[in-house]
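Here is what Swiss-Prot records for this protein:
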COILED    171-255  coiled coil
DISULFID  Cys375-Cys439  disulfide bond
DISULFID  Cys388-Cys449  disulfide bond
DISULFID  Cys419-Cys429  disulfide bond
DOMAIN    273-341  domain 'Collagen-like'
TOPO_DOM  1-50  topological domain 'Cytoplasmic'
TOPO_DOM  77-451  topological domain 'Extracellular'
TRANSMEM  51-76  transmembrane segment
Amino acid sequence: MEQWDHFHNQQEDTDSCSESVKFDARSMTALLPPNPKNSPSLQEKLKSFKAALIALYLLVFAVLIPLIGIVAAQLLKWETKNCSVSSTNANDITQSLTGKGNDSEEEMRFQEVFMEHMSNMEKRIQHILDMEANLMDTEHFQNFSMTTDQRFNDILLQLSTLFSSVQGHGNAIDEISKSLISLNTTLLDLQLNIENLNGKIQENTFKQQEEISKLEERVYNVSAEIMAMKEEQVHLEQEIKGEVKVLNNITNDLRLKDWEHSQTLRNITLIQGPPGPPGEKGDRGPTGESGPRGFPGPIGPPGLKGDRGAIGFPGSRGLPGYAGRPGNSGPKGQKGEKGSGNTLTPFTKVRLVGGSGPHEGRVEILHSGQWGTICDDRWEVRVGQVVCRSLGYPGVQAVHKAAHFGQGTGPIWLNEVFCFGRESSIEECKIRQWGTRACSHSEDAGVTCTL
């Protein structure tokens, strides 16, 4: 019995060594969830994912099948060795059992029963091994299918969330593109409006500049005419004062002669006879001429102070008065800093060339170290007055155009100079630009100043 138990344990050990791993592809594909019907793109992605998963399974099977074959061969070799050992042990037992009585029938029956029992035990062991392998395979594949199903569901959930987020981002991008298109259209409209507004503003500014230039010309002309009228008024006032003085002298002489004649008439005495009878009243004669104005009577007493009248309009600006007497010399100032030692004599930037004297000639101006002429466009009295005043003359007598004092040889520096007549030099007037090519030296301007 001990040998029987030892043989039975060895048989169980040899059967337990023959274990193998089997994979069922149909069960795996059956456990996969159906295709989701979200959108064509998602279905295509899922199909591609399925194909990749199947390819991965095939690759795993292609790698594992040779390994399983090699392991099975090794196991078969080891199993055959164990089986040969167990068979030798069994033969030894049978020989030991049958050695006592080869001719007895009980031994034959025992051998037959033993063989049947051994075959039944082998069938049961094989059935148990098959059941164990199937159970292990089903549990392994169930766990694997559950994990793969869970992972696949997670992947589907992630894909659905990703697809929803992509759709949300796509909708946001569409809205942003629409807003950008509307913003672009509004910007284009705004740009067109700005361009139209700029064009209108430029037209209005150009018109206003033309109107301002016309008004400036009118103001210049009016100011020149006013200055000329003021000068004429001064001359007329001086002439009228002289005439009034002459008339006063004449009236005084006439009054003196009249008084002398009246005195001589009073001294003449005539012999008169007796008065005759009064004659008839004659007709009224014509009104005689008014007599000479009598001498002014004595100044009467001052009257009462009247009420203060309303403030009158401001009068015109009077002529500049004569220079006053020089004041007393002030206190001595502080000692200044030492200079560089170079003394520069002041020089004028305007000169008159080609005239009969220094007070008249062609006007030339110094610019950039070179003397040049001035074109006679808009050359008027007020510009000549500024030129004469800058040269130290009291006023202008006449302005000349068309190279009256001859043509110059240098560059033509200025053209269309605008002055009010109150500037101290021609550089303070309105100058468009230095250097012009729109004129020639046949249009050089000149001036004659008053002495």
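Cβ coordinates come from backbone N, Cα and C, glycine included.
Here the features listed in Swiss-Prot are placed on the structure.
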residue: Cys375; record: disulfide bond; DSSP (3 states): strand
residue: Cys388; record: disulfide bond; DSSP (3 states): helix
residue: Cys419; record: disulfide bond; DSSP (3 states): coil
residue: Cys429; record: disulfide bond; DSSP (3 states): coil
residue: Cys439; record: disulfide bond; DSSP (3 states): coil
residue: Cys449; record: disulfide bond; DSSP (3 states): strand
Protein Cβ atoms within 10 Å of Cys429 (disulfide bond), excluding its own: 18
Among the disulfide-bonded residues Cys375, Cys388, Cys419, Cys439, Cys449, which residue has the fewest other Cβ atoms within 10 Å of its own Cβ? Cys439
Of all the disulfide-bonded residues given, namely Cys375, Cys439, Cys449, which is spatially nearest to Cys429 (disulfide bond) at the Cα level? Cys375
List only the single closest residue to Cys388 (disulfide bond), chosen from the disulfide-bonded residues Cys375, Cys419, Cys439 by CA-CA distance. Cys419
Measuring Cα to Cα, how far is Cys449 (disulfide bond) from Cys375 (disulfide bond) in Å? 18
How big is the gap, in Å, between the Cα of Cys419 (disulfide bond) and that of Cys375 (disulfide bond), rounded to a whole number? 15
